Amino acid sequence: MTSASSATIQPPRIPRVGFVSLGCPKATVDSERILTCLRAEGYLISPSYADADLVVVNTCGFIDSAVAESLETIGEALTENGKVIVTGCLGAKEDVIRQAHPSVLAVTGPQATEEVMQAIHRHLPKPHDPYLDLVPPQGIKLTPKHYAYLKISEGCNHRCTFCIIPSMRGDLVSRPVGNVLQEAQNLVDAGVRELLIISQDTSAYGVDIKYRTGFWQGRPIRSRITELARALGELGIWIRLHYVYPYPHVDELIPLMAEGKLLPYLDIPFQHGSKRILKLMKRPANSENVLARIRQWRDICPDIALRSTFIVGFPGETEQEFEELLAFLEEAQLDRVGAFAYSPVKGAAANALPDPVPSEIQQERLARLMQWQEEISKKRLAGKKGRILKVLVDTVDENGVIARSYADAPEIDGVVYIEPDFSIKPGDWVDVRITRTGIHDLWAKKI
C-alpha cells in the first residue's frame, strides 16, 4: 500500500485543441493568429481529432465548392470529435452552418481571434499556468520555416459584382505600418527568407487611414504600399506581392523590382479582357491601358513575372467577348494564369444580371482558355533554358530537390526540380542553370 506522502501526484491534463484551416493564405494568417494565442495561453495543439478536447474549423465561403468543403469538414470534425467551433468566411453565414450542423458549439466570422478565444474559454477553460516562452516572437506559423505570409490589411472597399468578400470581411482596415514592419523583422530574425505580402487589396494599403505616417526603428514611414514595400525591401530577403489591384500607383512598385528590393513578380487580378464585361463586374475597364502598362513594366523590369486570374462565363458573356479575353491573353503574354467559371455565389450582385451562361458553355470556354494560356506559359518558360537563376529550396529527399524561382509563388505556381543533393537544405538559396522547361515547371542543375 502506498502512503499518501509518497503517492505520485498526476499533473492536470493540459487542454488540447484540434485545428483545421481551409481557404486562402489570408485565412492561413487568421489561423496562425489563433494558434499563437492558444499556445500563449498554454493550450496544446492536437494533430488528431481523437486526442483533441475540441476542434476549431477555419472555413472558406468564397465559392460554392469552398462552402461544400467547409460544411463537409465541419461534419467530419463533429463525427470524429463532437465538439466543434467554427470560424472564418463561411462563419459570416451562421444560418447556413447551423442549418447543416446545429450542434456546433459556436460560430464566428473571419478575423475574429478574440471571439474564437472567448468561445474556446467557455467550452475548454484555459490552463492556470500558461508558458509564454512556448511562443516565439514571430508567432505560430503553418508554413515551412523559410517562408511566411504577412497580412497588411483586412477587408476591401471595392464592390465587384462577382465577389462577396466585403460582406464577410468588411471594408478596408490597414494595419499600422510599424506593426507590419516589426512582424516582418521578427520573421526574418526567425529564419524566414521569403515574405508573401497579402490582403484583400494590397495596393490599397493605407487608404482608410489616409496614408498616415507611422514609425519603425525610430524613422517615419508613410502607411502606403510603395513606402511599405521599400522598407520591406531593406530586410535582405525575398518580398513577393500578392492580390495587387491595378491602381495607377502600382507603377511605382516596378522600379523597386528592377532595383532588386522586391521580387520581380506581380499577382494582379485583371479578371477579363472585354470592356463591357469588366464594367458589369465593376472592374477597371480600359484593357488597352492595361496592355500599355504591362509593356511599360517590362521596359523597366524585363524579368518581371506576371500572374493574374480570370473569370469565364460571366453573366452575359458572348462568344465574341470571350474571344476578346483570349486576344487580351495573347497580347499580354502573362507568365501565370488562374481561371474559373463564374459561380453564382449567394449574395453576389452579379447573380441578378441577365443572360446567364449555361454551365456546359462555361466549362468549354474555361478549357479553351487554359489550353490557350498553356501555350503562352510554355513559350515564356522555354526562354529561360540555359539561364542561371537563384532559387529558394522547399524540400529535399532521395528523389531530388524542389525549389522555386522568383517567378514561382508557393502552391499556386510552378517549381524548379534539381537533381538529388543532400548538401542542399530547405530554406537555402541556390544558383542553378536551367536545363529543361515545361508548361509550368523548370528542371535545373546546381552550379
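Each residue, glycine too, has its Cβ placed from N, Cα and C.
For the [4Fe-4S] cluster 1 site, Swiss-Prot gives C24, C89; the one candidate out of C60, C156 that the record lists there too is C60. For C60 ([4Fe-4S] cluster 1 binding site) paired with C163 ([4Fe-4S] cluster 2 binding site), the C-alpha to C-alpha distance reads 13 Å. Note on C89 ([4Fe-4S] cluster 1 binding site): other Cβ atoms within 10 Å of its Cβ, all shown chains, come to 28. Mapped onto DSSP helix, strand and coil, the domain 'TRAM' (379-447) counts 4 helix, 32 strand, 33 coil. Counting residue by residue with DSSP, the domain 'MTTase N-terminal' (15-125) contains 55 helix, 22 strand, 34 coil. It is C24, among the binding-site residues C24, C60, whose Cβ has the fewest other Cβ atoms within 10 Å in the structure shown.
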